[in-house]
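Dropping the structure in here first, questions after.
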Ligand code: LLP
């Protein structure tokens, strides 16, 4: 089902017209659909059943209203910082359903996670294990851990979002993992519960995940011989979505394939999907400020920029850009939609056939994941407002940043 669609000649977000939302809240504006978030989460949860946990990757979209919608449905969360854990708690998430990933957790962050009672800490190095053991000893905690293993498989995705190759900084080399596991189980204050990996993002095939599983299963059997029993297998996130013409498996097909591959193994499963829950639950709406056609290139100068959405600039990501109210009274042309930021790389879309006039609103699709969370104040631009639609109502879930927000904490010299 599509929660953002053209009806009666204009774009709707659930039961709200996007034009009205843009006029009411201003642009640039992120609009999220509650139903889209719920539907995407449920697809995962139903497919998994009682065999584990779906821990939404907070980094994809961390607005507390988004987290709250998911928490209400019983979602778990994958976090990578104290700040993300604080967001989960502020949103009413259950810390016992939180897994803590990330390769540079500080002692302060580890302590906060232990005090909050998270489900599991996903360790990414032998050094981090030592730090955690010290924190536990000093503060009287026992920590449940999983080791993030780098299985050295090619996720066949963009090099910047591929994470499971041995030249990537993530995880513990699979050959070193047995020694780190033995060390972990030698500590009284550490309980080994799992194994995890995350091989990359925007994967459009199941095969690399299955290859990673095969390598982890060999390791699990090896550990069993050493008397170390693994209760859960956490496959990370990474399932792709359709931005253009990609055909990733559905969450249900993906989970089914994994369950089938695991056969009779009695392992709880954890997934950490981010993009596949949030991306297509959001759009970024901008206004065409000026049109600058020329013989060589036609530029549509819009009020959203790379500071609002960096994916096209950073990964050359293609994201669909469409008018909120398609018009037929002007000729369509090839346009580059560029922002006002002083960088040649500041564009949201290139060479798109569009019929445009100044003042029109445009919607960038697939913007619900890695959009607002990667936004910055570059060029002293306040970050965009965020709105969630729920049927025919809309709620402001983050106000647009103003100048005061931007200079908060800055000081003049005495
Ligand atoms: N778990 C871990 C340990 C991760 O590092 C990530 C994403 C996820 C889960 C969620 O992965 P997802 O299901 O969203 O693919 N900014 C990039 C994506 C970076 C992903 C980083 N890690 C983009 O906009 O394409």
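Cβ coordinates come from backbone N, Cα and C, glycine included.
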Given that TrEMBL lists 238, 272, 273, 274, 275 as binding pyridoxal 5'-phosphate, which residue among 32, 370, 378 does it place in the same site?
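For pyridoxal 5'-phosphate, TrEMBL names 238, 272, 273, 274, 275; of 32, 370, 378, the listed one is 370.
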Any idea which of the binding-site residues 238, 273 has the thinnest Cβ neighbourhood at 10 Å?
273
Are any of 311, 315, 342, 343 (the recorded positions) within 10 Å of residue 370 (pyridoxal 5'-phosphate binding site) when you go C-alpha to C-alpha, and if so which?
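Those close enough are 311.
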Count, for each of the binding-site residues 272, 274, 315, 370, the other C-beta atoms lying within 10 angstroms of its own C-beta, and report the residue with the smallest count.
315
Of 238, 272, 274, 311, 342, 343, which recorded positions come close to ligand 1, meaning Cβ under 6 Å from one of its atoms?
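Among 238, 272, 274, 311, 342, 343, near ligand 1: 238, 272, 274, 311.
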Ranked by the number of other Cβ atoms within 10 Å of their own Cβ, which of the binding-site residues 275, 311 ranks first?
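Of the binding-site residues 275, 311, the most buried by Cβ count within 10 Å is 275.
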